[in-house]
Structures are given as C-alpha cells and as structure tokens.
Amino acid sequence: MVQLNQNFIDTITQELPAHLSMDEFIAACDKPLRRSIRVNTLKISSDDFKTLMQPKGWTFDPIPWCEDGFWISYDEEEQLGNALEHIQGLFYIQEASSMLPPTALFTPSAFTTSAKWQCVLDLASAPGSKTTQMAALMQNQGLLVANEYSASRVKVLHANVLRMGASHCALTHFDGRVFGEYLYESFDAVLIDAPCGGEGTVRKDADALKHWSLDDVLAISETQKALIESAFLALKPGGSLVYSTCTLNRLENQGVCEYLKQVYGDAVQFESLSDLFDGADRATTAEGFLHVWPQIYDSEGFFVAKLTKTASVPRLLPEPKLQKNFPFTTASAKQAQGIKDYFQQDLGISLPDELIMVRDDEFWLFPHEFNAFIGRMRFQRIGIKLADNSKHGFKVRHEAIIALAGKQLSPTAKTVDVSDVEAKEYLMGRDIPLATAGKAQGEVIVCYGGAPLGMAKHLGNKLKNNLPRDLVKDKVLLLPEQTKSL
C-alpha cells in the first residue's frame, strides 16, 4: 500500500488541476507501473526488435511520445536486466515518462538544420536513460557531454553508455552549477533532468513520500534554480533548453522556470509543448509546460518545460584559464591511416570520419566537435578507445566493437553468428566449441541477432573468449519462445 504523507496531500490538493480529482490521483499512485522499454536504434530498428521478441511472447503497446518506446507485456517474471538482449544493449529499461524530456528537446525542428545540434549537454545524466536516448536521436553524430555529480553513479553512467554503443559522448564529474562558468554559451541544446523530491516515483517506490516535508522541497528548489541558471548560461543564444523533474509540486517545477524568467527576462522564451504528441494537451499548463500527473497517461508523474535562449546574457564570472597537460595528441596521418586500415582490413569496420587521438600506445576516437572543449574542463572519459598498439600489432578494444560493429560492418567482416545458448555462454566468459572444425581465422566478431557481443579468437575448433573480465556475467537470462496452442 502506498504511503502518502498527509502534509504532501494537503499541499498537492491545492495544486491539482481542476479537471483532475485527488481520489483518482491516490488510486493511480497505488497501481503498479506498466513495464516499459526503449529500443536502442543505434543497434537495431524497432521493427526488427519486435520481430526478435514477439516469438518470445512479448506484446508491444506504443508510447505516444517516443517513437521507439513501448509498454510491454510478457509471461516471464524474471529480471529483464539479466536478459541476453538487454545485456547486449538492444533495449533500455526506461519508465515511459522519462522518455519525454529528450523527445521535447529533439523535436522535428531540431533536425532541419544539422549545424544546430552539434554540441549537446546532459547536465545530470546518471544512470543514462536520457543520455543514451539522446545519443540515439543524434545517431552518434556531434558531441554529447554527459555530466554526473555522484562518483558512484558516474560508473553506472559509463557502463550504460558503453553497453548501448554511444560513441560520441564525453563524460564529466562535476557539480552542475559550474558549467555556466566553465563552458559559457558553448552548447546548442541542454537537458537538465534535475535532482528533485521524486514525488512522481511513488508507483515504483511506495515509501517515496513517507517523509515528505515542505522544508525539503524549498531547499531542493534552491539547488534547482542554481542548476537551471548554470544550464542557461552554458546554452548558446538561439539554443534550446529542457528542464524536467520526476516531481509534482509547483515550487520545483513552474517555480524554477519562473525564477529563470525573472532573472533573464526576454532572453528566456517558453516554448509550448501542447503539440508534442497526440494527447499532450491533456497535461499542458497555461505556460505550455507538461505537468504529467500519474492518472493522465497511467505513468509516473513528471514535469517537462522547454525554452529558447533568445539573446546572449552576461557571464557571472571571468572566463577560467585553460587547463594544461591534456594527455591526448592528434594522431599523425600515418598513425591514423594505420588504425583505419587495421579496422577495415582485419575487422571489416569502416571508422567514422572523426578525430583519431593517441595517448601512449592507445588509439581513441573523439568527435570532431570536442576540439573546442580541450583545456576548458576536465573530462572523465571521451569518445571510445579503439585499440592498443603493441609490438605484435593492434589489439582492438571491446567498446570499439560494441559501438562500431553494428552499422559500420562491411560484407567482408569476419563475424561468427551464434545461437542464443552460445551467446549466453559467451557472456558468461566461456569458450564456444565449433560444431565443425576448420581453419583458424584469428580475431572474429561474435554476433547474436545481427548485433555484436564482442571479440573472440577463432582457433579452428572453438572460439576463445576475449570478453573483458569485468563484463563477464554470473547470470544471463534466455527468454523462451512461446508455443502457440492449437
């Protein structure tokens, strides 16, 4: 049974729109959430994913605001996070409402001028659902800076970015309030899914509101004001900003947006989201924001606001000095050609036309747009590591295969397609015997369902597992195919 604090009920009763009832709100909060996932189109199309999963008993109900998002139902009660297709990065387990902010930011107009969306910031990224959704919307083009303040959550963010094959991300670990100072007017678009009171999450956490207090709401709203101001300062003139929370009170939502408008006046232009998707008007406020109450779409509660920065605004602090000792250098023409030839000739992968960088004996792939950020801020991780160079030649890195071996593969690529049982064995770190012995082929890409799992060494009679030890799984769930009754 959901625990609703009486102080919360008293406060929210005054803010609930007239066309909604408190009884319906409480009833919605007591219902379990519908399961929802987002297909990772960096690796597989939604149609192909449905074709893959429907024989396993999955049914798909489209989420109206996300083209690749679905409410799903299936017979199994196992943890989906252990499913082979999830480990492989074919889908992300993501609550439907949390798909709204990237959709609001990347409206169709965002794609009409490609130059408009070269540098995007996700100010509070972990665990990575919205970051990887934006990476898919950007099709791994341009630069996506993903920031997370919590050190432990940065590790989770990095793991999800790699699993989903997002190759154009640069990860940072800072308090989001410093971005306006360090990266002033540097981004074409900014998403800030702000830390909040979490009032909208009560359907998955029955105790989320047990200790609710107005003092806590007031305190966190001050942090949110500082974050949205920092995000606004980091936004280029003409750029778009989306502010979102998974909470319901006005102080953390409309109040934060109104604060920004009070400080920066006409430089802040609110954009209506009433036409974002069919039925959006049911949750649209007078300002054009989306205030999603749980009973409207049978989802988590959520708030989404979009604004345009119409003019440059003064920076609050002097520009910081450039940082020195950046550990990467641009690869020479000879080095760049060497690594390109290795990927093309040995692996059948055409490297994207991006920056090839070198650090010691490591080769990395950076987005071209990252050049403008060198020395301006410390980054935890940039792009993807392609390979190590040793006296025996190049040794490809797992993350490069996961990110690049999908749509970049040539017909001559050395791949081995495996069954679901063999894929499970591979992900558990085991070698895979080959049914028919043949000539050893050296390094090969192991694939399941048309998407890569990683590398192996073809020894003629078996595939020697080259999966990094830290990625070996103790449990991999194979979702069984459903038999149709006559």
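A Cβ is built for glycine as well, from the same backbone N, Cα and C atoms used for every other residue.
Marked as active site, nucleophile by Swiss-Prot on the basis of sequence analysis: CYS246. Per Swiss-Prot, the feature S-adenosyl-L-methionine binding site maps to ALA124, SER125, ALA126, PRO127, GLY128, SER129, LYS130, GLU148, ASP175, ASP193.
Summarising the S-adenosyl-L-methionine site geometry, the residues cited as binding it (ALA124, SER125, ALA126, PRO127, GLY128, SER129, LYS130, GLU148, ASP175, ASP193) extend over a maximum Cα to Cα distance of 20 Å. The Cβ of ALA126 (S-adenosyl-L-methionine binding site) has 23 other Cβ atoms within 10 Å, all protein chains considered. Counting only same-chain residues at least 6 apart in sequence, those with a Cβ under 8 Å from the Cβ of GLY128 (S-adenosyl-L-methionine binding site) are ALA146, VAL156, LEU157, ASN160, VAL161, MET164. Under 8 Å, Cβ to Cβ, and six or more positions away along its own chain, ASP175 (S-adenosyl-L-methionine binding site) finds TYR149.
Cα to Cα, ALA124 (S-adenosyl-L-methionine binding site) and CYS246 (active site, nucleophile) are separated by 13 Å. Rounded to a whole value, the Cα-Cα separation of ALA126 (S-adenosyl-L-methionine binding site) and CYS246 (active site, nucleophile) is 14 Å. In the three-state DSSP reading, LYS130 (S-adenosyl-L-methionine binding site) counts as helix.
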